[in-house]
Amino acid sequence: MYASREDIGYDFGDDSKVGSKPVKPNPNIDGGWAWMIVFSSFLVHILIMGSQMALGVLNMEWLEEFNQSRGLTAWVSSLSMGITLIVGPFIGLFISMCGCRLTAIIGGILNALGWILSAYASNVHYLFLTFGVTAGIGSGMVYLPAVVMVGQYFQKRRALAQGLSTTGTGFGAFLMTALLKYLCTEFGWRNAMFIQGAISLNLCVCGALMRPLSPKDLSEKSVVRSNSEDNRAKALSHSTETVKSNGVLGDEPEKKEEATNEDVLESIQHIEIGGNSGSGRNMYGLRMFKTVSQMTLTVRKGFALWYSSYFGAASLFTNRVFVAFIIWALFAYSSFVIPFIHLPEIVKQYNLSRQDNVFPLTSIIAIVHIFGKVILGIISDLPCISTWNVFLMANFTLVTCILTLPLMQTYVGLAVVCALIGFSSGYFSLMPVVTEDLVGTKHLANAYGIIICANGISALFGPPFAGWIYDITQKYDFSFYIAGLLYMVGIIFLLIQPCIQKKQPRQKSTEEAQV
């Protein structure tokens, strides 16, 4: 059932040739500075995802301040959460051009600016622009590099590393909720947002820690992964040749372009060396021209990679399993967000507010969610365990819990289901790992940007859709049933595509035999 990069049919050049030579791995891969990258990503999840899960505190303040409807005010939080993920594909372009470090630093400044400007909001529509759009885009510019860098620095412990870094979401939900409550009580919501903006500037520090790996280190990591995946593929029933027709992302055009670019820069350098006896003004002009040329070539190369990934003949969309993964992402994230939004109202309807005040159900989800990410990451890193199978089993568990939650009308029953929701939703830490297995490290930024964009659409429209269903039926039951059924459709897409691809080589061999 597992689909590796070779199973998807992506060929990354001369890996087989390089793999025949002994490769000395970089000590920072799976160790050394790699753990600083995990720490940086952990802080990013606390400051971004944790803050977004604590926006209920500010939402109450906005309701009292602006006297607008609950639906209109809720769009401020939805825009911030949705845009953070929806801008993923465009952030992939920034990463291709500028790298993860610079992208994250700019995003940290933009996120802090959104918080600070929101402190001067005069109405809800002002918050749409400052907090929903500005802070949301800034969050997206930091979040995607934080995930991509962990994937680049880890080979053997990828799932564990992603699990540890994303536990910052659960810790942040607790820390930021307590912090915002305290700041709003002591200083008011406007000063609280101003202070939170100052705290968000630490995202720039997190971005500065994202030291990029050299192209040589990335190629060595790809060789190690290619060899390990070849050994794993031999033990699986999938044939590598089954999906070769889906498209090949080769490196030869890029190599030719790099050679041409290097020739241009070398010619400039020769002119610069030969012209040492010339005037200082001419030398300064040559250096400026060289700098501009390097920047132009970097931008062109980054845009070419981004464009080919999305729209080229060998784009990511020619990978049918990856397309099925996108369809799954469109329905999955809302099933996790909807309980956070509507559980308090369900508890109130069932007259369970007293028990919920002692230990809130949403807190149960957040706490177990932390352990779920770490445990699922450890299990997935075991050599005899398939990450893909763990990912699917966690999805089946989560969709079962979503469908059964409306049937529970006691606090104990709801607590058990919420604990299972929190644990099974730990598969979020496996999403970058699965994505990287499908498309490779080189295309991880663009591919994962598409996945989180689909998640953002789900987060943006899922909760309002559930509220609309409640307005029609006056029950939350149907909201969970519909969300669960749509989620199941996405899982079925993940199951169907590998089965279709497994049958293709048999049909092809039959046709060749007839010829």
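The backbone N, Cα and C atoms fix where each Cβ goes, glycine too.
Under the heading transmembrane segment, TrEMBL lists 33-55 (among others).
The feature domain 'Major facilitator superfamily (MFS) profile' is assigned by TrEMBL to 37-502.
Remote same-chain residues near the transmembrane segment (75-95) are listed as 48, 52, 55-56, 58-59, 62, 103, 106-107, 124, 127-128, 131-133, 135-137, 139-141, 143-145, 148, 302-303, 306, 309-310, 333, 337, 445-446, 448-453, 455-457, 459-461, 463-464 (criterion: CB distance under 8 Å, separation of at least six residues from the stretch ends). Among the features that TrEMBL reports, transmembrane segment is placed at 75-95 (among others).
According to TrEMBL, the transmembrane segment annotation covers 102-120 (among others). Within the chain, the transmembrane segment (102-120) has long-range Cβ neighbours (under 8 A, six or more residues past its boundaries) at 44, 48, 91, 94-95, 126-127, 130-131, 133-146, 190-191, 193-194, 196-198, 200-208, 210.
If you look up TrEMBL, you'll see 126-148 (among others) marked as transmembrane segment.
Residues or ranges marked as transmembrane segment in TrEMBL: 160-180 (among others).
Look at TrEMBL and you will find 192-210 (among others) tagged as transmembrane segment. Note on the transmembrane segment (192-210): residues 36-37, 39-41, 43-44, 47-48, 51, 58, 100-105, 107-109, 111-116, 118-119, 138, 142, 145-146, 149, 179-180, 183-184 of its chain, located 6 or more positions outside it, place their CB under 8 angstroms from a CB of the stretch.
What TrEMBL lists as compositional bias 'Basic and acidic residues' is 220-233.
As annotated by TrEMBL, region 'Disordered' applies to 220-261.
According to TrEMBL, the feature transmembrane segment maps to 321-341 (among others).
Taken from TrEMBL, the feature transmembrane segment covers 361-379 (among others).
Taken from TrEMBL, the feature transmembrane segment covers 386-405 (among others). Within its own chain, the transmembrane segment (386-405) has Cβ neighbours under 8 Å at 1-3, 159, 328, 332, 335-336, 338-339, 372, 376, 379-380, 414, 417-418, 420-421, 423-427, 430-431, 433-434, 437, 480-481, 483-485, 487-488, 491, 494-495, counting only residues six or more beyond its boundaries.
Residues or ranges marked as transmembrane segment in TrEMBL: 411-434 (among others).
Annotated transmembrane segment per TrEMBL: 446-466 (among others), in sequence order. Using a Cβ-Cβ cut-off under 8 Å and counting only residues 6 or more beyond its ends in the same chain, the transmembrane segment (446-466) has close neighbours at 71, 74-75, 78-79, 81-92, 96, 143-144, 147-148, 151, 305-306, 309-310, 316, 322, 325-327, 329-335, 337-338, 341-342, 431-432, 435-436, 438-439, 476, 479-480, 482-483.
Proximity of distant same-chain residues to the transmembrane segment (478-496), defined by a Cβ-Cβ separation under 8 Å and at least 6 residues beyond the stretch ends, is recorded for 321, 324-325, 327-332, 334-335, 338, 342, 392, 395-396, 398-399, 402-403, 405-406, 462, 465-467, 469-470. Residues annotated as transmembrane segment in TrEMBL: 478-496 (among others).
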Considering only Cβ pairs under 8 Å, which range in 126-148, 321-341, 361-379, 411-434 makes the most contacts with the transmembrane segment (160-180)?
361-379
What is the average pLDDT across the domain 'Major facilitator superfamily (MFS) profile' (37-502)?
77
